[in-house]
């Protein structure tokens, strides 16, 4: 019960900070609090949220995977190049199915190598991060592909709800938010109500105790990495469909951003601790902060510097609020006074 209370406290703190940041930005740029901005934030956050939910089970198990971004690029790009050869003109469904299969296999490769040779997932994923990007560039194509099947041409502007904004005109809530809702509910159910979820928390909390209890560590990690690969593939297809082109190095450099979002959301980098809602809030915090810098007119060359400072301040505030609860999470241990 203590862990649940601390997770809830962290999520409430993060939600309040998101509200405060949004309010402060709106004081300088009232356009920030508009339907156009809200819907655009949801759309830009969606692929990152899907990937963050994918790595959540892996992080809870006490492992770190950085190859998921290259899996997203490889699975979506390979699917696109293959379907182009067959002159496919349909919609996104077949893309999602094929890419998910490729992503699952890529995740399984990480899991098999790591568990068979007793290697940390992080070490294996370092090599595969380069391998999958290299596979795209060498075996498929070194350049972006702008040729879309007819069924994807209008995907960028398919909305569930539309509104008329005085600045941008017609905008809306993109239909792909349905994917995020389904995935969020699935990961929440998996972690809360299944044996796999209990195994992940047990392994991340104390692997030796989990082994003595009877949990199958190898199988659990492999399944977690398969889920990671599938969700990375879905994120890759969705992002490419938004962008209206397929990129062989999609998401390159975003792996630490996604992991940072998870950690901001309260996930312990050492395992055994984390929640779905916290991860989603972590992604939104980063996206709102990033978008806010644009609305405030901060030059692009300074944005990463300012964002880094914001994240450090957030970590300090989070630690100050929760430092007396035992310091279980990585952030609390990092900033706890001796």
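Cβ from N, Cα, C; glycine included.
Here is what TrEMBL records for this protein:
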- 12-36: transmembrane segment (TRANSMEM)
- 48-73: transmembrane segment (TRANSMEM)
- 94-115: transmembrane segment (TRANSMEM)
- 121-140: transmembrane segment (TRANSMEM)
- 167-191: transmembrane segment (TRANSMEM)
- 219-238: transmembrane segment (TRANSMEM)
- 250-270: transmembrane segment (TRANSMEM)
- 305-322: transmembrane segment (TRANSMEM)
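The transmembrane segment (250-270) is in contact with the transmembrane segment (48-73), judged by 3+ CB-CB distances under 8 Å for residue pairs 6 or more apart in sequence. Between the transmembrane segment (12-36) and the listed ranges 48-73, 94-115, 121-140, 219-238, 305-322, the one holding the most Cβ pairs under 8 Å is 305-322. 219-238 is the stretch from 48-73, 121-140, 167-191, 219-238 with the greatest number of Cβ pairs below 8 Å to the transmembrane segment (94-115). Tallying C-beta pairs under 8 angstroms between the transmembrane segment (167-191) and each of 48-73, 121-140, 219-238 places 48-73 first. A Cβ distance under 8 Å defines the sequence-distant neighbours of the transmembrane segment (48-73), meaning residues of its chain 6+ beyond its ends; these are 103, 106-107, 110, 114, 120-122, 124-126, 128-133, 136, 179-180, 183-184, 187, 190-191, 196-197, 200-201, 203-204, 207, 220-221, 224-225, 227-236, 238-239, 247-259, 261-262, 265, 267-274, 276, 279-280, 282-283, 286-287.
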